[in-house]
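The structure appears below as structure tokens.
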Amino acid sequence: MRRIAVMGAAGRMGKTLVEAVQQRSPASGLTAAIVRPGSTLIGADAGELASLGRIGVSLSGNLEQVADEFDVLIDFTLPDVMLKNLAFCRKAGKAMVIGTTGLTLEQKQLLAEAGKDIPIVFAANFSVGVNLSLKLLDLAARVLGDEADIEIIETHHRHKIDAPSGTALRMGEAIADALGRDLSKVAVYGREGHTGARARDTIGFATVRGGDVVGDHTVLFASEGERLEITHKASSRMTFAKGAVRAALWLEGRAAGLYDMRDVLDLH
């Protein structure tokens, strides 16, 4: 059974990941939990911090110090932190599950390079429902795409720092790929003022931030006389955490490579 470590274990998503690991993989469970260096929480029990009771795993402020205690690292931290962890895991031969969003093209290329040496699952969203939605969007785009105007609307809590969301961008990529378009050339991010008529082949993005919304995504295919909406709404971060743990367990015995949740769920 895979020994799992969680990076950023003191954060909102990190604590949810700790809980998800304990629920899904109690036999081996969480074997390491890492927080930022200098944190006042170093030494605390990860289970107690996640309101689970003691699980015997103390928070560490140094990934290298716990290198012998895990096989796969789940990392949802910010890009700069994640890339440092990626470099370490690549050198140490550790698998990774990465849910970091807001990556640049160059940073994604670093993931691809690391995937030559270690197995990595990278996804903008680990929800089973979202990844099924990507499959549906591919189908809808192939059937309706040339006849419909396509808009992607996403809503998240006030604390989210990147926009559009990684999930919205992944949805846009799925649609653009199905239509043979380059998303970087057809994406329109928000509109203001006298924009003129809508260009036919564009894919629009609208972003809403407020409250404690975990994540809502709607893709609109609007044509003459009808419209199709494909919507996914997440009500709990546990949805993403369970998917990440599923990916971590799936990586056992996998060859080096850069995988995504479509591989984990066999949705290709």
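Heads up, the Cβ atoms here are built off N, Cα and C, so glycines get one too.
Per Swiss-Prot, the features are as follows:
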| type | residues | note |
| --- | --- | --- |
| BINDING | Gly8, Ala9, Ala10, Gly11, Arg12, Met13, Gly99, Thr100, Thr101, Ala123, Ala124, Asn125, Phe126 | NAD(+) binding site |
| BINDING | Arg36 | NADP(+) binding site |
| ACT_SITE | His156 | active site, proton donor/acceptor |
| BINDING | His157, Gly166, Thr167 | (S)-2,3,4,5-tetrahydrodipicolinate binding site |
| ACT_SITE | Lys160 | active site, proton donor |
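A map of Swiss-Prot features onto the structure.
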{"residue": "Gly8", "record": "NAD(+) binding site", "DSSP class": "coil"}
{"residue": "Arg36", "record": "NADP(+) binding site", "DSSP class": "coil"}
{"residue": "Gly99", "record": "NAD(+) binding site", "DSSP class": "coil"}
{"residue": "Ala124", "record": "NAD(+) binding site", "DSSP class": "coil"}
{"residue": "His156", "record": "active site, proton donor/acceptor", "DSSP class": "strand"}
{"residue": "Gly166", "record": "(S)-2,3,4,5-tetrahydrodipicolinate binding site", "DSSP class": "helix"}
Rounded Cα separation (Å) that holds between His157 ((S)-2,3,4,5-tetrahydrodipicolinate binding site) and Arg12 (NAD(+) binding site):
13
In whole Å, how far does the CA atom of Gly8 (NAD(+) binding site) lie from that of the residue listed as 'NADP(+) binding site'?
7
Compute the mean position of the Cβ atoms of His157, Gly166, Thr167, which form the recorded (S)-2,3,4,5-tetrahydrodipicolinate site, and then list in sequence order the other residues of that chain whose Cβ is within 8 Å of it.
Thr101, Ala124, Asn125, Glu154, His156, Lys160, Asp162, Ser165, Ala168, Gly215
Spatially closest candidate among Ala10, Arg12, Arg36, Thr101, Phe126, the listed binding-site residues, to Gly166 ((S)-2,3,4,5-tetrahydrodipicolinate binding site) (Cα to Cα):
Thr101
In the chain carrying Arg12 (NAD(+) binding site), residues 6 or more apart in sequence that have Cβ under 8 angstroms from it:
Arg237
Cβ atoms near Ala124 (NAD(+) binding site) (within 10 Å, other residues, all chains):
23
Give me the Cα-Cα distance between the residue listed as 'active site, proton donor' and Phe126 (NAD(+) binding site), rounded to a whole Å.
17
Among the recorded positions Arg36, His156, Thr167, report those whose Cα falls within 10 Å of that of Thr101 (NAD(+) binding site); none is a fine answer.
Thr167
Recorded positions clustered about the residue listed as 'NADP(+) binding site' [Cα within 10 Å; pool: Ala10, Ala124, His156]:
Ala10
Spatially closest candidate among Ala10, Gly99, Ala124, Phe126, the listed binding-site residues, to Thr167 ((S)-2,3,4,5-tetrahydrodipicolinate binding site) (Cα to Cα):
Ala124
Taking every protein chain shown into account, which of the binding-site residues Thr101, Thr167 has the largest tally of Cβ atoms within 10 Å of its Cβ?
Thr167
At its widest, how many Å does the recorded NAD(+) site span between Cα atoms of Gly8, Ala9, Ala10, Gly11, Arg12, Met13, Gly99, Thr100, Thr101, Ala123, Ala124, Asn125, Phe126?
22
Gly99 (NAD(+) binding site) to the residue listed as 'active site, proton donor/acceptor': how many Å between their Cα atoms?
16
